[in-house]
Amino acid sequence: SNPEVESEMNDEEDEVPMRKSSIDWESLLSKANGILDDDFTDDEPMNPAENAAKVLREDKQSYWIKTVRDIATLIETHTEDTIRLVLPQLQDTLREQKDILDLHCEAAVLYKDLLRNEPLLEKEPSLVMTLLDYIVDNANRQKDNLSSAAWLETLTDITDTLPLDIVKSVVVPIFIAQSNPSQKVQKRLMATKLLEKLVRIVPAYDIRHEFEKPIQQLSMDEYGTVRVAMAQRLPIVAERLDKCSDVSRLVLPCLVSLAEDEDANVREAALPSLVSLIHKVTKDSKKSIVSPFFRKLVEKGLDKKDDRIGLVSKYFGELLYNLFDEMDILDQTWALNSYIKIVSISKSDITKLLAAKRACAYNLPCMYQLYPTASNRFASIIHDFCVDHDDEVRISIASSFDQLLEMSSEKKSMIAPFIELVRGGSIEVVAKISSRFSTILPVLYTTVAQAPPADMLSPVSIDRIILGCNQMLQGTGNWRAHESLLHSISSLVNLVEHKTLYNTFVPLLKTQILTVRGVPCREAASRSLLIIMRNLYKEEERKEIIDFFNNDLAHHSNSYRRMIFLESVLQVHSIFSRRILHTHFLPVALSLASDPVSNIRMKLCRILSILKSSFVLPEDEELLQKCEGIVRNLMENETNEHAKSLLSQVARDFSRADTGKRKDAENERKEKEEEELWNEKRAEELEAKKRKKEEEAREKILQRRASREMSRSLIESSISPLRMERRSIAVVRPQPVVHVRWHSPSPSPTTERKSRLPLSTSTSTGNDQLYI
């Protein structure tokens, strides 16, 4: 190999020339920054406002959007030049460039921001009319629907910031013009939005005299979207009208026509609006307009069985409730029969009728309230709803079952639907009905206690239902319904026998306090247990419950259970007298001052400031000093700074709390009630009287039933069977015999023709003959 040849080859490889780029990067970067070499070559620097006006004046569309966005900042530094140069030039550009939607949208946003800039408008008051003229001019000049809608939207947004005189002179004429049917649909739709803003600003007098025709035109618009928008905004117009006669004349006919519209969306928007303003309509309008419309709507829904029946059913109760006083007996009977007919139609499995069934279940309490004498007709409906396969129907009935039970004249007939609701097994249904147990259970227990033994009903069945509902709810996350159920158990103290309370519900509540997860549920179970303990007249039973709180709960290994004990001490303070609190609960609570968990000690200090009101000096001086020492020791031994600050706040609350009075009327009342409740002899007598009274009531019911059966048998036996077997005998009187002595002018019958008269068949003697 020749080294000289290799060196020449390497030199040729090193000397390959670099390719020059054809892109002028420097020019592109200068354009991106808005600076061109051929545009700004003047020696004198230009004003930023003049620069912006020049950019808008020249055909440089790539810079227009950025320049419009910078005007809001530019007007703060160069206010006069921007108003004098930039804004007029921007308006000229908008007039020339009608097809650039982005430019018009950015300008609309700019004008809106400037009109909301109060400091700027205070310095330049004339700017309001200038910008408003620009907006109106752009809205009128634009042929593009989107651009015009953008400017009308801007006008709608700034209407509430304008003075009233400007609104009347500028905005109201625009609204009247845009609501004309000859305008495009986007403008008419924006007119409905503008109407909503205007009625909140313009006085009622102007609404009555200037807005009537535009409202009617927009309500009868050929496009469904415009009619839907009007149906949603007409209630706002009605709110601004101060007279019922104006609402009946201006708004009601429009809503009635919209509610009868062929478009389902329009009907669905109009009917709730109509229902919401019935209270502002005159009585004559209810009778002459709303009632016939209601009847027509219901009959059309029953006839066609389409989406109308679901919509009618949804607002049936509210419409009937508002019109009931103005309806006569025939109309009220028609409404009741129509409701029952809707219920019967909705029992089918058609999907479109499911909404009607749910609405009928929702409206059932209203029907009960309006027709209290028709509870027998509603009994079968309630039963069908309670066993319905749809959960929403049963949830509606469960949510209102307490109202239905209260309004029902036959409480006994509601027991079977109640059992069916619970037996359904739905968690939502059980949760709804359990949250109303405090109202339902007293009525059910009273009704069952008065029922005769032949009905196979007993309080034990209601007890089992409560236990089943509790078992179902404690495993779910619906702690609110479970809390309500546990609270309602405290209402059984005057309904259930003493033995049942102690053997059934006391163990249940103990288990719930120790096992249930939700803290509100544990507190509710604790309170119900304490209320039951207060109504137990046997001392050993009360002692067992007190030992449960002091031993099982206060010394539980779980700190959350010990926290529940401290909460129970507060409940004892509100339920029992001072003697019970200081004797049985407070010493154990004070022993938790040495608890290893800081939250327990903190909770103890907090409840001491509340319990201090039960201390009476000088009898409780030693107890007060002990509590003060506990608080002081906890503050001294606490090392955590955050906990120490909390303890200092608690200590201040404890020192500021007042002690109790020697003569406390509330405490004396509690002691007197406890003495009466815990008198075993008197309690046994009361229970014996209660059982005797229940037995007497059952005997009366049995006697009444036996008397009815006896009277029925007597009535049946008093009917004579001979009357039914007696034959009917017809009495036939003899027919007279007629002797004709002169021939009649008519020709005599021949012997061949026999007479068909009844007299010819009568029997006669030998001398009595018939001559014809």
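In case you wondered, yes, glycine gets a Cβ from its N, Cα and C as well.
Note on TrEMBL: of 1-22, 683-704, the range annotated with the feature region 'Disordered' is 1-22. Within the chain, the repeat 'HEAT' (251-288) has long-range Cβ neighbours (under 8 A, six or more residues past its boundaries) at 215-216, 219-220, 224, 227-228, 230-232, 234-235, 237-238, 241, 244-245, 296-297, 307-308, 311, 315, 318-319, 322-323, 326. Across the repeat 'HEAT' (251-288), mean pLDDT in this model comes to 91.
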